[in-house]
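Let me begin by presenting the structure, written as structure tokens, before commenting on it.
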Amino acid sequence: MADYLISGGTGYVPEDGLTAQQLFASADGLTYNDFLILPGFIDFIADEVDLTSALTRKITLKTPLISSPMDTVTEADMAIAMALMGGIGFIHHNCTPEFQANEVRKVKKFEQGFITDPVVLSPSHTVGDVLEAKMRHGFSGIPITETGTMGSKLVGIVTSRDIDFLAEKDHTTLLSEVMTPRIELVVAPAGVTLKEANEILQRSKKGKLPIVNDCDELVAIIARTDLKKNRDYPLASKDSQKQLLCGAAVGTREDDKYRLDLLTQAGVDVIVLDSSQGNSVYQIAMVHYIKQKYPHLQVIGGNVVTAAQAKNLIDAGVDGLRVGMGCGSICITQEVMACGRPQGTAVYKVAEYARRFGVPIIADGGIQTVGHVVKALALGASTVMMGSLLAATTEAPGEYFFSDGVRLKKYRGMGSLDAMEKSSSSQKRYFSEGDKVKIAQGVSGSIQDKGSIQKFVPYLIAGIQHGCQDIGARSLSVLRSMMYSGELKFEKRTMSAQIEGGVHGLHSYEKRLY
């Protein structure tokens, strides 16, 4: 027998890799590219991996993905798409309070069970009023009541079929002349269950099902499009009223309290306090204010990168923490301010501390690939916030433009001079609203068209599931348990190892991800 072979069976297994505690015991700060996770044992298929994870103390998502509150990433279209696929979007606040509240309202109205506050018109309104409502809200199936309000007697309904072929000169036509009259409508009685109402809607083959009381007064409405959305998006993030979940960002100054009032009136589910450095007297005071005035509202504090920063916000009463400082692709905070922390270390250190108090953390920034998402979750993050990864998608705000034959969309940091010049909200985020000289902490750029997140996010979800499968974790909660117990093992990567782990040795190649 060769002298290098060991006889006696395979019971002996040498210790291999580092625990997370050992990995981050050194004084060096680590980013996601600085380490790998060692594989485990596979005894399940990737589709079985449960990605359910906590956003805050009281809000749980079926997909651990969040869109960042940036003005080139998240408005209503992005927030709707993210919620439909099990995540959530945070509407940016680099705009007027009224605009932001209206974007939240669009998300909350997008998909519902019983719609109790639909757009309602009267017979004396015109076709032009319907077209205006369609342009503003994106739908045209509008119930008609005697007074044009909920709780009034139902007299008909106007759908696109009633007005599609009317000429522009007919836009002044009264709805009483074009509406489908009450006698031809299929309705359901008040008190009907959502399941029963859905069955009636399916049998009737109508687009809308009005719900009326004993006096034939309109009390709610159900839309066929919502049935289709329920079928197509089983993971959708919804509140107790079956409305899509929506978050929004606010600042920490006195005038942000008015913005907060409008957002709560619009039905926002969770607030993120948007600051580049969250460990401040301003943010602590705002947390106290929100918890006193709106105790039901979930509040996410941040941004933080140390346990000491996290402690002050947890003591103030936050329900979640946003972790990251200077690690975003468009952020130059570390370069300009000399403050920040490598994101891998920041996520691990803050998550390890915050979990003792039941506070979930969001890994915000530095996410370039689906592998980075898996690493962030393996270090203790409950969810991952994405900016550049979602920028230049169809759902991101802004118009496409061409440069050198490439289709692009603008993407900028909220600390860029571009963003600061648009609104004072960006200046407040970086504590510079009173400065005579503005110090940029971000840049403006452009990103190549990525298409719709309807294709991109499913790719991310599948990638996370396959990553967990290779690790041997059936769920994200199991993944975190493996990390904290020491079962999950890591290994540092040299620069040569990073080169080896990427594409190399080819004359040319095409990198198609999905």
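Yeah, the Cβs are placed from backbone N, Cα and C, and that goes for glycine too.
Of the listed residues (SER124, SER160, SER240), Swiss-Prot tags SER160 with phosphoserine; the rest carry no such note in the record, though that does not show they lack it. Look at the recorded positions SER160, SER275, SER276 and count other Cβ atoms within 10 Å of each Cβ; SER160 has the fewest. Between the CA atoms of GLU500 (K(+) binding site) and ARG355 (omega-N-methylarginine) there is a gap of 35 Å, rounded to the nearest whole number.
Same-chain residues at least 6 positions away in sequence with a Cβ under 8 Å from that of GLY501 (K(+) binding site) are, in sequence order, LEU36, ARG493. Using Cα positions, the member of the recorded positions ASP274, CYS331, GLY387, GLY502 nearest to SER160 (phosphoserine) is identified as GLY387. When the Cα positions of ASP274, SER275, SER276, GLY324, MET325, GLY326 are compared pair by pair, the longest gap among these NAD(+)-binding residues is 14 Å. Among the recorded positions ARG341, GLY365, GLY502, the ones whose Cα sits within 10 Å of the Cα of GLY326 (NAD(+) binding site) are ARG341, GLY365, in sequence order. For ARG355 (omega-N-methylarginine), the nearest neighbour among the recorded positions SER276, CYS331, ARG341, GLY502, judged by Cα separation, is ARG341.
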